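The compositional bias 'Gly residues' annotation in Swiss-Prot covers 13-25. Residues annotated as phosphoserine in Swiss-Prot: SER105, SER206, SER236. Residues or ranges marked as N6-acetyllysine in Swiss-Prot: LYS223, LYS242. As annotated by Swiss-Prot, region 'Disordered' applies to 1-93. What Swiss-Prot records for 100-162 is region 'Involved in binding clathrin heavy chain'.
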Amino acid sequence: MAELDPFGAPAGAPGGPALGNGVAGAGEEDPAAAFLAQQESEIAGIENDEAFAILDGGAPGPQAHGEPPGGPDAVDGVMNGEYYQESNGPTDSYAAISEVDRLQSEPESIRKWREEQTERLEALDANSRKQEAEWKEKAVKELEEWYARQDEQLQKTKASNRVADEAFYKQPFADVIGYVTNINHPCYSLEQAAEEAFVNDIDESSPGTEWERVARLCDFNPKSSKQAKDVSRMRSVLISLKQAPLVH
């Protein structure tokens with residue numbers, strides 16, 4: 001009885017002719033082992049080809065131009081007839097997909113509105129910068145005018161004060177109160193001012209005012225400590241003569 005091989009085919013007699021599919025007898029290579037070895041060789045070749053295509057970053061290399069990755073149904077990465085190739089990892093891929101989705105889903109009216117808004121904001125910024133420059137220039141001009149008005153008002157006030165001083169020192173007893181306006185020397189004393197006022201009054205004197213002019217030269221302050229002698233009696237006499245001059 002003939003022996004069976006692993007696939008169930010009867011083995012021929014030793015030295016006999018080849019059987020069935022032309023495989024030799026028991027002394028030749030096993031067909032199953034040859035098939036398994038061929039499959040392992042093909043798988044190893046495919047793995048080696050894919051290994052050479054891996055880039056340094058770990059992402060698969062770019063595929064040939066044509067069908068996008070993932071087959072005909074993968075249209076998310078298509079833009080202008082060409083598919084997007086990932087270059088810098090998943091972040092760029094997600095950003096590109098989001099941008100493509102936005103461009104594909106954004107209506108023309110919204111895109112036009114966004115452009116108009118950009119132009120309007122630029123115009124507003126330019127207008128605000130122009131107004132700011134004008135306001136600064138106007139503020140500088142108004143400040144200069146304010147300083148000019150202040151200086152003019154100060155000069156007028158000084159002139160008015162000088163006129164008021166002259167009018168004040170021309171009235172009676174001005175020599176006792178203070179200096180006259182035409183005194184420029186710092187050592188000009190109150191007595192010298194009173195004497196000058198008395199000399200000026202001589203030409204303008206009228207009858208009956210002699211004792212009044214004399215009283216101007218006297219210090220009627222009872223608390224004065226400059227006097228060494230008691231002159232209260234003389235003071236009272238001069239006051240009475242001032243009030244009731246002697247009749248000649």
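Backbone N, Cα and C atoms are what each Cβ position is placed from, and that goes for glycine too.
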Around the Cβ of SER236 (phosphoserine), the count of other Cβ atoms that are within 10 Å: 11
Residue pair SER236 (phosphoserine), LYS242 (N6-acetyllysine) - Cα distance, angstrom, rounded: 10
Under 8 Å by Cβ from LYS242 (N6-acetyllysine), same chain, sequence gap 6 or more: TRP211, GLU212, VAL214, ALA215
Per-region confidence, the region 'Involved in binding clathrin heavy chain' (100-162) (mean pLDDT, whole number): 88
Residue counts (helix, strand, coil, in that order) that DSSP gives for the region 'Involved in binding clathrin heavy chain' (100-162): 61 helix, 0 strand, 2 coil
